[in-house]
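Below you'll find the structure, written out as structure tokens, and then a few comments.
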Amino acid sequence: MMAKLKVAGTWAGVVEVELEQWTVPMLRAEVARRSNASPDSINLICAGKVLKDGDGTESLSQSGVKNNSKILSSRVNVDQKQELLAEEERASRLARVKAAATALAQRHADGSMPLEDFNIELEDQSGKKVNLGSETDQRAVMMGLMLHTKGKQLIRKQMYKDALEVLEMGEEAFSLCNPQVIEMIDNVPILQIDMAWCYFMLRDISSISVAGARLQKAREGIERAHGKDYSRVRVLQGGRHPDIALHLRLELLEGVVAYHTGQLDNSRKALTSAQAKFVQLKVPDEALSLIMSMGFKEQAATRALRMNNQDVGAALDFLDEEEAKRMQKREEDARRQHEIMEQKSYGATPMKKAVDLERLNELVSIGYEKALAAEALRRNENDTQKALDDLTNPEVNATMQQDVESRKRKRQRKSENEVVEQLVAMGFERSRVVEAVQAGGTLERAMQDLLAQNPLHPSNAAHVAATSAPSATAENVPGPSNSAVDLGESNQEPMNYRDVEMEDEIAHDLAQVDALSDYDIDVTKEGEAIEEYLALLASTGSSSSGHKPQ
């Protein structure tokens with residue numbers, strides 16, 4: 001049945017359409033034809049809403065267009081339209097970043113059953129796991145750290161506008177945490193410095209007062225966390241100087257703010273101090289060459305020299321310690337991944353939590369069989385006393401044993417079915433595969449038996465090599481300073497919808513950082529900015545703090 005749409009704007013008249021058959025692109029093309037214009041230059045508005053093409057399959061009816069609807073068509077510049085689309089895409093992506101970080105923090109802070117094969121945990125600079133306040137505090141800090149890490153990745157890509165918005169999300173997340181907890185860590189002050197750095201790189205002079213307030217908060221927070229003379233961070237880092245580059249950026253930005261607010265003496269003082277730190281961070285070619293000749297990469301060697309005041313011996317010790325930490329981390333990550341897989345095998349509690357392995361081990365230590373004890377904890381939301389009550393109740397104990405055996409049989413059937421499908425996909429006959437799997441169980445054993453009975457045709461042998469699943473490893477890497485994030489590789493698809501692509505992207509970003517990444521800053525741009533503003537100060541020819549630069 002045909003419907004009539006009343007069109008006004010670039011062309012006025014009535015268009016007859018089939019609401020269930022026509023799409024927005026079809027209507028746009030028709031209006032553009034009658035307007036003697038390109039479809040790309042036509043915007044359509046119905047009931048106060050811009051009609052979007054979507055994937056091109058949604059009907060006009062599904063888009064909210066009805067019989068006798070009024071359509072306003074307007075002509076827009078194609079470049080302007082592309083800019084609008086790009087801005088919409090950018091806003092959508094930033095919203096996805098926030099949603100994914102929120103979901104990850106929620107799952108990894110409240111003990112929910114892991115959907116991934118990694119776990120996100122907070123740790124200090126020494127790599128020790130920490131619990132900061134309540135579950136809400138843990139979640140807020142995790143989310144803040146993830147968003148801060150994403151913001152820093154965007155800064156490295158010189159996407160300063162996007163970085164600033166993501167950092168603002170991170171600031172909002174941190175604000176949900178107990179202030180007393182936040183005062184214990186230096187992440188929030190560093191985030192404030194990064195936000196001020198974005199203002200500077202965007203040359204956003206209108207935000208100068210905001211930048212000044214952020215830098216003041218940052219300095220107060222840094223001094224609270226590091227000590228006024230940096231003594232606390234020196235102790236934490238064994239006398240090393242990881243924070244020099246961070247303080248260089250802080251002093252540069254303070255100097256820039258002071259310059260643009262007419263405080264020339266304060267600006268000169270801050271910039272001169274930043275310049276001295278810049279010189280201190282210059283790595284001698286000879287020292288760098290010597291360390292690289294021992295097999296270390298340039299980036300690692302540069303970092304080691306900068307954080308050890310250019311002392312070659314101390315830098316080598318630092319590199320050895322970092323390698324030992326990485327090896328220990330790999331071992332811990334392998335252990336943790338094994339624990340996650342174990343938790344998954346026990347199933348989730350009624351509140352969708354994972355079985356608490358620490359409480360499980362307590363029950364095992366007093367003599368209870370592990371799978372049975374896990375079932376008791378699972379049923380009782382990890383309440384040890386209630387689990388003990390069930391374990392000591394003969395009737396409940398018997399029921400739990402039946403459930404454990406039933407779950408074990410289901411897992412075994414599932415595992416066997418997966419092996420069967422893999423072998424069938426390789427070209428083996430299904431009936432023989434089923435017999436081999438039931439006899440041998442494992443993929444390797446069943447394949448050996450099948451090949452012994454009837455070797456594969458050469459064409460199928462190539463198929464085996466092409467379709468065999470690669471071995472996967474999960475390597476967890478510590479995250480930002482004072483409160484880091486560990487993660488490995490996400491391999492499991494959950495049953496409920498989640499933005500796997502964005503969560504994996506955030507996970508990848510976290511995997512690129514370690515406990516010292518916030519301090520490891522390439523100060524090339526800072527050095528150029530210091531020279532620029534010292535030259536501006538010199539050109540004023542005045543040290544009066546009352547003179548305001550034009």
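Keep in mind that glycine also has a Cβ here, set from the backbone N, Cα and C atoms.
Bear in mind that TrEMBL entries carry predicted annotations, made automatically and left uncurated.
Annotated compositional bias 'Polar residues' per TrEMBL: 394-403 (among others), in sequence order.
Here TrEMBL flags 479-490 (among others) as compositional bias 'Polar residues'.
If you look up TrEMBL, you'll see 23-71 marked as domain 'Ubiquitin-like'.
Using a Cβ-Cβ cut-off under 8 Å and counting only residues 6 or more beyond its ends in the same chain, the domain 'UBA' (282-322) has close neighbours at 237, 240-242, 244-245, 516, 519-520. According to TrEMBL, the domain 'UBA' annotation covers 282-322 (among others).
According to TrEMBL, the domain 'UBA' annotation covers 354-394 (among others). Summed and averaged per residue, pLDDT over the domain 'UBA' (354-394) gives 92.
Feature annotation from TrEMBL assigns domain 'UBA' to 414-453 (among others).
Helix, strand and coil counts from DSSP across the region 'Disordered' (386-417) read 30 helix, 0 strand, 2 coil. Residues annotated as region 'Disordered' in TrEMBL: 386-417 (among others).
Taken from TrEMBL, the feature region 'Disordered' covers 468-490 (among others).
Counting residues of the domain 'Ubiquitin-like' (23-71) by DSSP class, helix then strand then coil, yields 14 helix, 11 strand, 24 coil. Across the domain 'UBA' (282-322), the DSSP tally of helix, strand and coil residues reads 29 helix, 0 strand, 12 coil.
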